Amino acid sequence: MIRIGHGFDVHAFGEDRPLIIGGVEVPYHTGFIAHSDGDVALHALTDAILGAAALGDIGKLFPDTDMQYKNADSRGLLREAFRQVQEKGYKIGNVDITIIAQAPKMRPHIDAMRAKIAEDILCDIEQVNVKATTTEKLGFTGRQEGIACEAVALLIRQ
């Protein structure tokens, strides 16, 4: 059996902390306003794999009302979500992530993001694609108020 899931996440800029995207610290003058580390790419991916396995979403598994997830490392959240997906008998077919940001530029960091994601979801780096786009200065991402991300995940029954 093959299953597909879609995830989406958005975070606004505004906190004095590192900007983490795809598990990688991206140099920038501000970080995200978020309960966890705010990693939009890993949050979207976590939702995609949970959705594909019919396990709900990141908010169900790791509610932002629970202080144990305050400033949580999103790589740990992704690994736990994937562990639950594996328990249902699935492995990754492939994942595809689109980061939507006017700034900062993602290209220099994409290979590192792919490597960390592949490590976390126990697959080959060739099964992980990360790309970035802008909104041509339109909307909140175009005004550099934050970043959005979409992800899809294909799961295969083991």
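Backbone N, Cα and C atoms are what each Cβ position is placed from, and that goes for glycine too.
Swiss-Prot names Asp9, His11 for binding divalent metal cation. Of His43, His109, the residue it gives for the same site is His43. Contacts of Arg143 (4-CDP-2-C-methyl-D-erythritol 2-phosphate binding site) defined by a Cβ separation under 8 A and a same-chain sequence distance of 6+ are given as Gln102, Lys137, in order along the sequence. If you take the Cα of Thr135 (4-CDP-2-C-methyl-D-erythritol 2-phosphate binding site) and the Cα of His11 (divalent metal cation binding site), they are about 16 angstrom apart, rounded to a whole number. Cα separation, Asp66 (4-CDP-2-C-methyl-D-erythritol 2-phosphate binding site) to Asp9 (divalent metal cation binding site), rounded: 19 Å.
Across the structure, Asp9 (divalent metal cation binding site) and Ile58 (4-CDP-2-C-methyl-D-erythritol 2-phosphate binding site) are spaced 10 Å apart at their Cα atoms.
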